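J.: Sharing a structure, written as structure tokens. Questions coming.
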Amino acid sequence: MNRTMFKSKIHRATVTHADLHYVGSVTVDLDLLEAADILPGELVAIVDVTNGARLETYTIAGERGSGVIGINGAAAHLMHENDIVILITYAEMTTEEAKAYTPKVVHVDKDNKIVQIGNDPAEGHTRGLMRPPFALNNSALN
């Protein structure tokens, strides 16, 4: 049996532009994609922290070092410039693979520059954010 598991995320990125008339997808700085182990064309879930919207789309590589997080096409009705978003990927794994897998969590600043890369999906590196109550640290699970 395979399980769908959390693979990686880019945490609390800022939308740099939203283009309603582009043909779908999300454009992401190539540095961020590589840091989060996300390929161009890969399926991502995007959660908008600002307004609660959630959607799925695919990635397009943006200019390296640009900090671009561009919401394209119909998704621009839901997510707007300066919204805070989380881009999440999942992967199919066997139970054994899932137990051994270490996810990638890329924390960024307001300019979408990497501030830390970790592997704990519940760890916050943004001022004012805390670990959710009762959430175990990854090391406590081993």
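Using the three backbone atoms N, Cα and C, a Cβ is placed for every residue, glycine included.
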J.: Which of Thr57, Thr59, Thr89 shares the substrate site with Gly73, Ala74, Ala75 per Swiss-Prot?
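T.: The one candidate that Swiss-Prot places in that substrate site: Thr57.
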J.: Out of Ala74, Ala75, which of the binding-site residues has the smallest number of neighbouring Cβ atoms within 10 Å?
T.: Ala74
J.: Whose Cβ lies within 8 Å of the mean position of the Cβ atoms of Thr57, Gly73, Ala74, Ala75, the substrate site, other than those residues?
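T.: Close Cβ neighbours, site residues excluded: Gly24, Ser25, Val26, Leu55, Ile71, Asn72, Ala76, Leu78.
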J.: How long is the line from the C-alpha of Tyr58 (active site, proton donor) to the C-alpha of Gly73 (substrate binding site), rounded to the nearest angstrom?
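T.: Cα of Tyr58 (active site, proton donor) to Cα of Gly73 (substrate binding site) measures 12 Å after rounding.
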J.: Between Thr57 (substrate binding site) and Ser25 (pyruvic acid (Ser)), what is the CA-CA distance rounded to a whole number of Å?
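T.: Ser25 (pyruvic acid (Ser)) has its Cα 5 Å from the Cα of Thr57 (substrate binding site).
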